[in-house]
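Record features (TrEMBL):
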BINDING   A:ASP30, A:ASP75, A:ASP211  Mg(2+) 3 binding site
BINDING   A:ASP47, A:ASP75  Mg(2+) 2 binding site
BINDING   A:HIS54, A:ASP262, A:TYR320  substrate binding site
BINDING   A:GLY121, A:ASP122, A:ARG146, A:SER213  ATP binding site
BINDING   A:ASP214  Mg(2+) 5 binding site
DOMAIN    A:28-138  domain 'PurM-like N-terminal'
DOMAIN    A:150-299  domain 'PurM-like C-terminal'
Number of protein chains: 2
Amino acid sequence: MAFGEFDLIQTYFTQRWHTRDDAEVGIGDDGAILTPAEGSQLIVATDTMVAGVHFDAQTPARAIGHKVAAVNLSDLAAMGAEPAWLSLALTLPQLDHDWLTHFSQGLREICEYYNCQLIGGDTTQGPLTVTVTAQGFVPQGQALRRDGAKPGDWIYVSGTLGDAGLALAAQQHRAHISDNHYHRVLERLYFPSPRVALGQSLREIASSAIDISDGLAADLGHILKASQVGARIDVDELPMSLALTESLTADEAIDYALSSGDDYELCFTVPESRRGVFDTLVARHSAKPTCIGRVTNEAGRLKLERDGETWQAPSTRLGYEHFS
Amino acid sequence: MAFGEFDLIQTYFTQRWHTRDDAEVGIGDDGAILTPAEGSQLIVATDTMVAGVHFDAQTPARAIGHKVAAVNLSDLAAMGAEPAWLSLALTLPQLDHDWLTHFSQGLREICEYYNCQLIGGDTTQGPLTVTVTAQGFVPQGQALRRDGAKPGDWIYVSGTLGDAGLALAAQQHRAHISDNHYHRVLERLYFPSPRVALGQSLREIASSAIDISDGLAADLGHILKASQVGARIDVDELPMSLALTESLTADEAIDYALSSGDDYELCFTVPESRRGVFDTLVARHSAKPTCIGRVTNEAGRLKLERDGETWQAPSTRLGYEHFS
């Protein structure tokens, strides 16, 4: 008897995985049977990673397992949601036990860390592609959206920007950085930390939020468009790691912080009236947010300033378009 | 400016699509914001279709759009759920406007027919792969599972079996059938009808249920395994279309009905005590179920009988293993 789909699921995706009481049935029936938290709304996000596009042959399988969950949990974080359940669609060229061992380990670890249960999915044969749909909860009416920013709100980002982009550039020999820096930024590219706790604590505080997957300029642009507002950013305030500032010129570093993707930090806006509560609250968070600018009433316009002057990017890429 | 991911979604996946009141936000934010029906449990299913594996170059794009939703709605039907929301992960080799027009049409039509809203997803570039995650509701505690069959329960299947398999065989020149029959079975292969209404009416009546995606023998086998029972099937009772009986020998037709996949009928068990209610109820359904046998206490054993004798398949394939 060949090693079939059922053996594969049994071996790699059910034993010793984290379970939750609200999943009456997870893997093993036609669908999962789940009990949503009372008084809550459900947040659902889907992200796909394709071999040769979102990762390459040298990407460790454990990183792929981690990241495909992390990018979805980052979407939930940007909505202020508490993660609960993941579905996995895994398309594999062939049965590679070593790859499956490490992939499932990466996915299992992040599920456990964030109290998520893998509740189902599909395994198929074909070109390596991984899709996760993640679900979580917010109390009724408290989800963070893109369309609530108002002129005068303060703009924040969590953590540091540009690290994952620098890792990719170094890997592709487009940037030269020290081994020590490379090690740190590669960890950010491979094992991003979704800002789950921060997102939840922004409920009833932030007027809008988004996660930075395509680059700050592009993703803040989505907030501006949805909210019909503009923004003024002081590029000197952009939070950067030593890896960025020590490896690049000042202008290059700003460009990375503005336009390279895959950092999975949160960008959000806070009204003046909520700023005191916010300052008290964020002191607890490790990915301490930095104020980088302010929302304006110039709909759709993103003004980049440095020392009070307009800052011009050396080669502004301004985000990643998938079918350009 | 190139035609980007946002234009693609805007053009093909938002305009004139069916919406539901319980989706506060669908496409267009980091995640959808949904309000689950009160007192209900959520059913979640995921299925992937890969080019060259689940469909080929001659499969119309509209059929792919229909079918990737249909196979998921079939899973929901097998759980007794009412469909509500779909997420789509679409990986495309290139921007093909003609393909996207027809694919989105097929998906949009079935969403509208079953009162489903497309609430999000991801579009990426890569080898053609389509994954849908479907969600629906059942009243608390009424989901149909695989593990409730008891010895003495009657075994039913809806509709007719083997048609989709015959279409595939004819397409691949493994079977010769008339043009008229081919037209009908090809419709079943390309545009399967998930038994959504039947599944919902089986709540509190069926003791177990599954949808037939891998073939009756394989899928009934999952019920037997989960319920720790056996089954005796009278192969003369298997419901078949004229296309099957007129194109194949009797033994071949039985083999198709037992072991070819992709029919998306329901197989379910009904306790003796619920049979009267069931008979009254199913009279309404177009895919009128046929009683094909009975559950036994011989755990895991599937006995196939004809005229009271054991029936031996000419070449029993007994289901489809994805990594054999």
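Glycine residues also receive a Cβ, built from the backbone N, Cα and C atoms like all the rest.
All TrEMBL annotations are machine predictions without curation.
Applying an 8 A CB threshold to same-chain residues 6+ apart, the list for A:ASP47 (Mg(2+) 2 binding site) reads A:VAL68, A:VAL71, A:ASN72, A:ASP75, A:THR131, A:VAL132.
If you measure from the Cα atom of A:ARG146 (ATP binding site) to that of A:ASP211 (Mg(2+) 3 binding site), you get 10 Å. According to DSSP, A:ASP75 (Mg(2+) 3 binding site) sits within a helical segment. A distance below 8 A between C-beta atoms marks A:ASP75, A:GLY121, A:ASP122 as the binding-site residues from A:ASP75, A:GLY121, A:ASP122, A:ASP262 lying next to chain B. Secondary structure of the domain 'PurM-like N-terminal' (A:28-138) per DSSP (helix as H, G, I; strand as E, B; remaining residues coil): 35 helix, 47 strand, 29 coil. Ranking the binding-site residues A:ASP30, A:GLY121, A:ASP122, A:SER213 by Cα distance from A:HIS54 (substrate binding site) puts A:SER213 first.
Within the set of binding-site residues (A:ASP75, A:ASP214), the lowest number of other Cβ atoms found within 10 Å of a Cβ is recorded at A:ASP214. For the pair formed by A:ASP122 (ATP binding site) and A:ASP30 (Mg(2+) 3 binding site), distance between Cα atoms is given as 11 Å, rounded to the nearest Å. Using Cα positions, the member of the binding-site residues A:ASP30, A:GLY121, A:ASP262 nearest to the residue listed as 'Mg(2+) 5 binding site' is identified as A:ASP262. Site extent for ATP: the farthest pair of Cα atoms among A:GLY121, A:ASP122, A:ARG146, A:SER213 sits 31 Å apart.
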